[in-house]
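S.K.: Copied straight from TrEMBL:
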- 38-88: region 'Disordered' (REGION)
- 71-84: compositional bias 'Basic and acidic residues' (COMPBIAS)
- 136-158: region 'Disordered' (REGION)
- 143-158: compositional bias 'Basic and acidic residues' (COMPBIAS)
- 161-259: domain 'CRM' (DOMAIN)
- 281-377: domain 'CRM' (DOMAIN)
- 388-439: region 'Disordered' (REGION)
- 408-417: compositional bias 'Basic and acidic residues' (COMPBIAS)
């Protein structure tokens with residue numbers, strides 16, 4: 001009886017093994033055992049934690065910054081042989097208007113050290129106007145005359161022989177909207193300095209470039225055409241409204257174009273005397289107030305659209321003065337600076353006296369010394385745009401009729417009427433037809 005009990009106790013003391021599972025032997029056969037080189041040791045682990053800490057302490061690399069155009073380094077200042085004073089705008093800033101102050105110090109808009117011409121606050125003069133001696137005469141007028149003469153000779157050399165009518169018509173047709181999209185837009189700032197560089201860039205790809213003029217400069221289109229030809233050295237061969245075709249010349253070489261340093265920012269306009277004074281010259285304070293009230297109730301001559309074409313505005317104001325002494329122009333929607341510039345142009349071109357800019361209106365007075373005979377002489381000296389366009393149409397009809405008559409004479413074996421016109425005469429005829437005076 002003792003033996004069975006011992007056997008029973010031994011059975012209870014045996015260790016308990018887990019149940020046997022029928023597992024696949026593929027794990028033993030294809031199991032991955034990492035090599036010793038991939039198993040990190042304790043020393044490597046300690047080194048790894050130190051490198052990570054050093055990497056965290058390491059300063060970050062600064063981001064890449066492109067070189068600034070203001071940082072000239074050791075490069076010398078650029079030199080330009082253009083024989084005129086560099087201004088921000090050549091059509092909207094007059095060298096005759098003298099300011100009474102500057103809004104900021106004389107910071108050059110070309111950047112520090114980028115141009116070898118000093119900035120006077122208004123322009124970068126081509127001639128050094130500083131006097132070397134008190135007893136010496138001012139050398140600026142003589143030097144400026146020499147520059148103008150050199151500019152005239154260079155322009156004549158580049159233009160070469162005048163274009164024939166066939167060449168002119170071919171070039172004008174080539175620059176139309178349906179043939180090319182290359183165009184220079186001339187807006188409220190007029191002909192700016194950087195626009196000269198754009199025009200020369202367009203002249204790389206073609207002999208002519210289309211210039212579209214809108215806004216304030218179109219009040220005096222004759223000034224725009226004159227400044228374009230003077231500053232670029234080209235020739236306007238066609239004009240239709242505010243659209244101009246500027247020809248570069250026969251001997252123009254793109255690789256020999258003049259150096260045009262670019263302005264990096266727009267300079268602040270100087271301070272000029274007030275346009276609207278408390279009292280108009282020749283009137284008392286009470287008469288000035290009554291005239292301003294009367295001007296606000298005067299009938300509107302015309303309403304100016306934003307960024308419109310204002311070439312006929314001067315002739316309209318002259319005609320308005322024949323009926324009334326006050327003329328009111330509605331400028332609602334235009335920026336304040338725009339209609340103030342238009343008022344200044346009317347004051348100089350009509351001429352007239354500025355009365356008020358209140359309530360977005362331009363009110364001008366013809367003055368006490370207004371004479372209708374003088375007004376008629378101004379009309380004869382400066383014909384309107386419609387008259388010039390009609391005259392141009394009549395000239396074209398006469399030329400077409402003369403060509404048809406010549407053709408009939410050739411085929412009919414009759415006497416031939418030869419019309420000898422030199423290239424200079426053709427250029428004068430075409431320029432008078434295409435570029436009318438708008439004053």
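All residue numbers here begin at 1 and follow the chain in the order shown.
Any Cβ shown, glycine's included, is placed from N, Cα and C.
Keep in mind it's a predicted model, so treat the numbers as computed, not measured.
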S.K.: With DSSP as the yardstick, break the compositional bias 'Basic and acidic residues' (71-84) down into helix, strand and coil residue counts.
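M.R.: The compositional bias 'Basic and acidic residues' (71-84) comes out at 0 helix, 1 strand, 13 coil.
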S.K.: Can you tell me which parts of the same chain pack against the compositional bias 'Basic and acidic residues' (71-84), counting only residues 6+ beyond its ends and a CB-CB cutoff under 8 A?
M.R.: 111-117, 126, 147-148, 150-151, 230-231, 258-261
S.K.: Could you count the residues of the compositional bias 'Basic and acidic residues' (143-158) that DSSP puts in helix, in strand and in coil?
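M.R.: Taking the compositional bias 'Basic and acidic residues' (143-158) as a whole: 16 helix, 0 strand, 0 coil.
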S.K.: Using DSSP, how many residues of the domain 'CRM' (161-259) fall into helix, strand and coil, respectively?
M.R.: 40 helix, 22 strand, 37 coil
S.K.: Under DSSP, the domain 'CRM' (281-377) has how many residues in helix, strand and coil?
M.R.: 46 helix, 18 strand, 33 coil
